[in-house]
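First the structure, in the form of structure tokens, and then the observations on it.
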Amino acid sequence: MARNKAPSVKPKPKPKQTTDKSAKPRLKNAERSAYFARREAAKVLHTVLQGDANRQAVASIKSLVYSPSIRNKKATFALVCQTLKHLRIIKDVLEIANILNSKWKRQEELIYIIAYDILFGKEISLVGGDAEKFLACRKDAMQSALAKLVVRKKAKNIDDFIALYQPPDITKPCYVRVNTLKLDVDSALHELGKQFKVQKDDMIPHLLVLPPHTDLHNHSLVLNGSIFVQGKASSMVAAVLDPKPGWEVLDACSAPGNKTVHLAALMKGKGKIIACELNKDRAKRLEDTVRLSGAANIEVLHGDFLNIDPKGPFSKVSAILLDPSCSGSGTAAQRLDHLLPSRTTDFVDTERLNKLAAFQKKALAHALSFPAVKRIVYSTCSVNQIENEDVVNSVLPLATSNGFQLATPFPQWQRRGLPVFEGSEHLLRTDPVEDKEGFFIALFVKKGSEKNSEERSGSQKLAGSLSNGKGWLKRSCHVNKKNLALPVFYRGICKPWLHTKSSLTRKTYNSSN
């Protein structure tokens, strides 16, 4: 009887050892983090430099870095800021060393980031990418080029040389506005007080003050829209308009939307806000802000405010917030716009300022033409007279004929408008040095729409008339005629000034979005 043979089991072959020298080694955690942070920083830097070249910034540097698409926000923000601060030096070094050839020109922002790491950074690791390897091999040439630049500038050492290019440091408190649609002020104070020293602002309701350099980008209250990081001057704007629950309000140039959702909170989510924005990318950012806030009474209108018919569907608008495109000269320090290539020369772009002012005048005149409007706030983040007092002065005859008068926002605030026309004492200014940001606010109120100022929140008082020159408030000496020509340091972009005709596209948000 034949026996069945047991099936033979072949041993599994052992995995072959990889001997390919071209295989990339696995990155350590620190190396991996640095590798991806450099690439995220390069993408942000590309957007920033492209917007600067086109004079049409999508958003501030901080807003771009803190968008949801950026994972390593802290490292990315540091890399972008430091690279911009050293960009003029980096470009000169790359030119002297003849490094930025045609192949790497297509990735020049990444080259700038890596060059910063080599020349000035901690240089955690330069492994992991072809660009890192390319520049690591040319490290000596770059350092030699840097040494030549130090000699040219007759600096004692590299630190003194770098100091020639560095802007002054502006330290300001961190302000956050409590979104009362989601959280009350006391709860926000309690929650933030667990980690930080925090107190209420003495002037703006729902505004909290934290120490300078407080990092909240990853805080749960920021991520869920319970609080918004927003400067004090910026928070004044909606408070001055002071819309009532149930009103219909038009925010003419809304993006990125912080003031828009502030209006919604002041209205307790009741009534209706039409948030208008022309630029497509900025309109998308506006939609994100509205969604985060949980406001259910905001309708986003993608289109040109100037195309809205005052006698059309929005003829019943009671209040208009007009914060139009401006030079951003008052907030350039915070936005780091003064570091951009277009802001690093002593050239004053008079043509651009004239175009901005022309649009601002046209937009304010348009706002004054809405038949049912009771209150209009015109605001900018500029310190330039041409964008502020001159714009207001140009529309005073129209305002008077339409029954408007200037009111005085926050009478306790000392810094008022420049004394260039009678009535400018009713205007409000904040100073970019003393107040850490430069804003301008004008409030127009229709005569007879408010019988007495006690109906308001106490944040403003009515002027006797547009031409009344009495009762000028004491002015601080923060500005004089010789200072009306603004230093380069405060020139920047607040919003893109290019406005073209477009159709209006509506999008309404509710709290379930």
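Every residue gets a Cβ built from N, Cα and C, even glycine.
Since this is a predicted model, take the numbers as computed values, not measurements.
Residues or ranges marked as active site, nucleophile by TrEMBL: Cys381. Marked as S-adenosyl-L-methionine binding site by TrEMBL: Cys253, Ser254, Ala255, Pro256, Gly257, Asn258, Lys259, Glu277, Asp304, Asp323. Summarising the annotation, TrEMBL assigns compositional bias 'Basic and acidic residues' to 17-29. The domain 'SAM-dependent MTase RsmB/NOP-type' annotation in TrEMBL covers 164-447. The region 'Disordered' annotation in TrEMBL covers 1-29.
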Discussion item. Roughly how many Å lie between the Cα atoms of Cys253 (S-adenosyl-L-methionine binding site) and Cys381 (active site, nucleophile), rounded to a whole value?
Written reply: 13
Worksheet entry | CB within-chain contacts under 8 A for Lys259 (S-adenosyl-L-methionine binding site), separation at least 6 | Ser234, Val237, Ala238, Asp251, Leu321, Asp323
Item to complete: Please find which two of Cys253, Ser254, Ala255, Pro256, Gly257, Asn258, Lys259, Glu277, Asp304, Asp323 have the most distant C-alpha atoms, given that the record lists them as binding S-adenosyl-L-methionine, and give only that distance in angstrom, rounded to a whole number.
Response: 19
